[in-house]
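As written in TrEMBL, here are the features:
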REGION    680-704  region 'Disordered'
TRANSMEM  45-63  transmembrane segment
TRANSMEM  75-94  transmembrane segment
TRANSMEM  109-130  transmembrane segment
TRANSMEM  151-171  transmembrane segment
TRANSMEM  191-210  transmembrane segment
TRANSMEM  270-288  transmembrane segment
TRANSMEM  308-336  transmembrane segment
TRANSMEM  357-376  transmembrane segment
TRANSMEM  614-634  transmembrane segment
TRANSMEM  646-670  transmembrane segment
């Protein structure tokens, strides 16, 4: 096909590197929350700090490559740093590294945090540093007359990016979902981070193997530094000549004319006009990159019970993961380019690039409104736990007769039907002293010693000898993480029994005693419950527990070897379906298509040919600043409701959208090629004049 053989190594390198980056990033927020046990806000803050670093370091990488080491050495050296960072992060996620007492929890969490942060800093330096170099290095491999092959290469290059990100988004969450460990089995973060580390090492090896085939262009100076120096000199020179005795110049950059040529100044003016329009853009990225933080955490509180395993796997692992869904992008780009835009053109609407970007920002804002509406529904179904100075008590009547329970001293009375529960009731801890149970002609007083902020269950039944009761500390202060379910059993037989469910053994339970909670391994499975009694055993099939539920199961009776059980809902399962996230992802993806793709095209069309890299650096910088905005807004807002934070971000972007629309209305489109052609003609005329002058001087000298 006329390609240099070296291109093969570059494309494979990019595929492996993108697999490594997106694979690690896909489970990063979950690692922060569930392994390091950071709260949502801290996890979000560190996640966005990392992403910001990844988009700040490309400027450093471009300067190093163009001014010092060259692209090849920069890629090799920073890839080594990158691979070391991935390896350090993987080692830091090994639970057994400090779990000396083998209780399943790290004994020195500070060491794991330190290793993780060192690893992430090295990764940010590596991935950001090579980001501007690899594609440009690939372009260097072609000759000037190979424009068609170079264009095809860039298509293959970006295909390798999407293939690597899509594959890793499916693979690494599955690797994390497996259980591994020497002493205790837990989510396998070492494997989820280890495979990307191996892929990064493979990327480095593949790239180095092709070393002798590469065309290596020597560093020729960085245009970003030249532009920065030109701007700096103009500002400094203008400040020196600020008195009124010096005449004003048409543009403040014209103060650089004493040192820099007119063409560089004119090109810098064009670039600064575009960079000025970049000022509002970080707000879009502030919302966009929350797919990997807030939206992923939102998905963990939802019902993931999709119809059919493969549909579940596809939706959960592609739509609801922390990167832009490449599948939606692949679908929406051609739909927008070949259907939406032509229809708008037929309607004779002047849909300029800046108007498209404004629409993209509006769609992203609406995506967060959709996210807020989903969050409101989630909050409605979320359990309310006792606040400071409060306790909650639930009553379970396991007897065959109705009962009345009085909360002393004279707080309230509650009737409880047989085999029913009341749900949790909230009381001020200091005011509640005892419970008085009355059933038929029997009664019993249960003295209380309550702890602040805790939930309790009073389970009781009655026998000819009186009322039996057990006041139980539930010790549950939040919904189970990652959609897991917790189950415990209470024995309602008049004798001790052994209880098992599937492979889980809940031990021997005496009458009215309760087991500890156990995690149910599969949300969408039913399990065989077996109760072993002194003379026989009974079995029954459990219900499916859904996502994020907690149940107390009472084993009551055995009829013809069939077990009779009652389910008491300690915490209701997640009822808001993950599919309700599809609208917000769809809106944000549409926003990305008309904002990001159009923005890059607009920037390149308005930039001089030798300053594309300046705008590339500026564009990446807006992504970094956007992630910093998330840190500032989330930290300063102090909103205790997640839906309110979504509305805040949506409102901010809507305001910025209006500001950007006003700025865009004053922008005048230019043709850089035409301006450069004018300078080229002027230069030719000057050169011709100089040549004519030299010829005349030579002729005069010859006459003398």
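Don't overthink the numbers, they just go from 1 along the chain as shown.
Each Cβ is built from the backbone N, Cα and C atoms, and glycine gets one as well.
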Same-chain residue ranges lying at least 6 outside the transmembrane segment (45-63) that approach it to Cβ under 8 Å: 28-29, 32, 38, 74, 78, 120-121, 123-125, 127-133, 222, 224-225, 289, 292-293, 613, 616-617, 620-621, 623-625, 627-628, 630-631, 634-635
In contact by Cβ distance (the transmembrane segment (646-670), the transmembrane segment (357-376); 3 or more pairs under 8 Å): yes
Residues from the same chain, set at least six apart from the ends of the transmembrane segment (614-634), whose C-beta lies under 8 A from its own: 41, 44-45, 48-49, 51-56, 58-59, 62, 131-132, 223-224, 227, 271, 274-275, 278, 281-290, 293, 599-600, 603-604, 607, 645, 648-649, 652
Remote residues contacting the transmembrane segment (109-130) - C-beta distance under 8 A, at least 6 residues beyond either end: 17, 21, 24, 31, 35-37, 50, 53-58, 60-61, 64, 74-75, 78-79, 81-93, 97-98
